[in-house]
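Can you keep this structure in mind? I'll have questions shortly.
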């Protein structure tokens, strides 16, 4: 072919548009475009699975701790000869479960009160103490915990009434509680009042423990007879 024709042929051939030129491998395939989404979904799956496993493990640990706590709780279902109403039963159970049972007592108030110094039923529970004429007499020296609870029933008239509860050691007041009821002067059928007092005191041998009230006629021995109690136990022995 002549040189002129070759030049014309080469000039007549359309040259490719630069905009239409695509580098090899630069065309994204549909499979290649979904790879980032798959990677993200896998990350979320692994994260949620790990969180679920941690939650299951935490619940299992909590259940194990609860079961161990229940197993370590002492069984206090032993039947007691005396049954109270509000807290006297719990107090009696606490006394029975004390580590030191060398000296303790649990007494209920007598229904036949005729003195400000209260008397107690002699058929109560007494260990290491002697009961005589309203007194508990100490037989072992040491630190004693004393608690008394009384229920009062007052029929108000036109004057106020003072209710007292006094804990005495060797006939001397060591702790007392005073409550005034019927202050308004308005007549009412019944007013129930609970008084309680406790004392932690070191006692020698032959020391006496007693309880005194000013108005013994208001001590309610009928409605809640089992809630009028005196409890004593040796907290710490000196021997």
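Backbone N, Cα and C atoms are what each Cβ position is placed from, and that goes for glycine too.
In case it helps, Swiss-Prot gives these features for our protein:
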| type | residues | note |
| --- | --- | --- |
| TOPO_DOM | 1-43 | topological domain 'Cytoplasmic' |
| TRANSMEM | 44-67 | transmembrane segment |
| TOPO_DOM | 68-239 | topological domain 'Extracellular' |
| CARBOHYD | 75 | N-linked glycosylation site |
| CARBOHYD | 86 | N-linked glycosylation site |
| CARBOHYD | 114 | N-linked glycosylation site |
| CARBOHYD | 158 | N-linked glycosylation site |
| CARBOHYD | 194 | N-linked glycosylation site |
| CARBOHYD | 206 | N-linked glycosylation site |
Out of 158, 194, 206, point to the one nearest residue 114 (N-linked glycosylation site) in space (Cα versus Cα); all of them are glycosylation sites in the record.
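Sorting the glycosylation sites by distance from residue 114 (N-linked glycosylation site), the top entry is 194.
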Could you please provide the mean pLDDT value for the topological domain 'Cytoplasmic' (1-43)?
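Mean per-residue confidence for the topological domain 'Cytoplasmic' (1-43): 49 out of 100.
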Cα-Cα, whole number of Å: residue 206 (N-linked glycosylation site) versus residue 158 (N-linked glycosylation site)?
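Here the two Cα atoms lie 45 Å apart.
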Whole-number answer please: how many Å between the C-alpha atoms of residue 194 (N-linked glycosylation site) and residue 158 (N-linked glycosylation site)?
22
I'd like the number of other C-beta atoms within 10 A of the C-beta of residue 194 (N-linked glycosylation site), please.
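A count of 17.
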